[in-house]
Amino acid sequence: MEAFFESRSRSNWSYDTLKNFRQISPVVQSHLKRVYLTLCCALVASAFGAYLHILWNIGGYLTSFACFGTMIWLLSIPPYQEQKRVSLLMASAVFEGASVGPLIDLAIQIDPSVLVAAFVGTAIAFACFSGAAMLAKRREYLYLGGLLSSGVSMLLWLHFASSIFGGSAAFFMFEIYFGLLVFVGYMVVDTQDIIEKAHLGDLDYVKHALTLFTDFVAVFVRILIIMVSQ
C-alpha cells in the first residue's frame, strides 16, 4: 500500500497520464461498463435487503449464511448461464444488505446523515482507487495481491484471538482501520486484475462484479463503524 501512495505522488497527472486509458481495448472497456452497471444493480439490491431488515428485522446469521451460499452457488455455475448467475448475484446482494441491516439501523437511529456520509465516502474512495488502477500501467499493482492476502489472514487471526481472549475497544478499532486499509488496497488490485483477465479473454462480468461488490461492502461497513463510533 505504501508503494501505491508513493507512486501516485510521483505520477504526473497530465494529459499523458489520462492517455493510459488507451491501453484498455474497446472490448475491455465494454466489459468494464457491464461490470460497473451490474455492480450498481447489486448495490441497489443490497440497499433493498437493508430496507427489508429495517421493516421486518430479518438480518442475522441466517442471511449471512444465505449470502455466502448464493455466492458459492453463483461461482459453481458456468458463465453461459448468464441470467441465472445474475439472479444469484442479486439474491446474494439482498442477503448481504439484510446482514448489514442491523448496523445500518443503528446508524439511522444515531444520525441518518452518518449513513449517507459513509456511503458517499465509500463511493468516492471506490471511484478514486479504481480510476487510479485504470490509469496505471498494466499489472503495476498486481504484486500487492500477496501482501493483501497476508493482511486478510492477519485479520482472521486477530478476530479469532479477540473472540477467545477478549479484546479492548482500542484493539477492535485497530482491526477495523487495518481492515479498511486492506480492502481499499483490494479495490486497486481487483480492478487491475479484472482488466488484465479481460485482456486475456476472461469476460465473466458477473463474477467480476461480485468481486468489486464484496470490496465495496467491506469498505462501506468499516467506514460506517468508524463514523458511528465517533
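Every residue gets a Cβ built from N, Cα and C, even glycine.
Here is what TrEMBL says about this protein:
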| type | residues | note |
| --- | --- | --- |
| TRANSMEM | 35-52 | transmembrane segment |
| TRANSMEM | 58-76 | transmembrane segment |
| TRANSMEM | 88-108 | transmembrane segment |
| TRANSMEM | 114-134 | transmembrane segment |
| TRANSMEM | 141-158 | transmembrane segment |
| TRANSMEM | 164-189 | transmembrane segment |
| TRANSMEM | 209-228 | transmembrane segment |
### Task
May I ask which of the stretches 35-52, 88-108, 141-158, 164-189, 209-228 has the most CB pairs under 8 A with the transmembrane segment (58-76)?
88-108
### Task
Answer yes if the transmembrane segment (35-52) and the transmembrane segment (141-158) have at least three CB pairs under 8 Å among residue pairs 6 or more apart in sequence, and no otherwise.
no
### Query
Counting only residues 6+ away from its ends, which parts of the chain sit with a Cβ under 8 Å from the transmembrane segment (88-108)?
38, 41-43, 45-54, 58-60, 63-64, 66-67, 70-71, 73-74, 77, 114-115, 118, 206, 209-210, 213, 217, 220-221, 224-225, 227-228
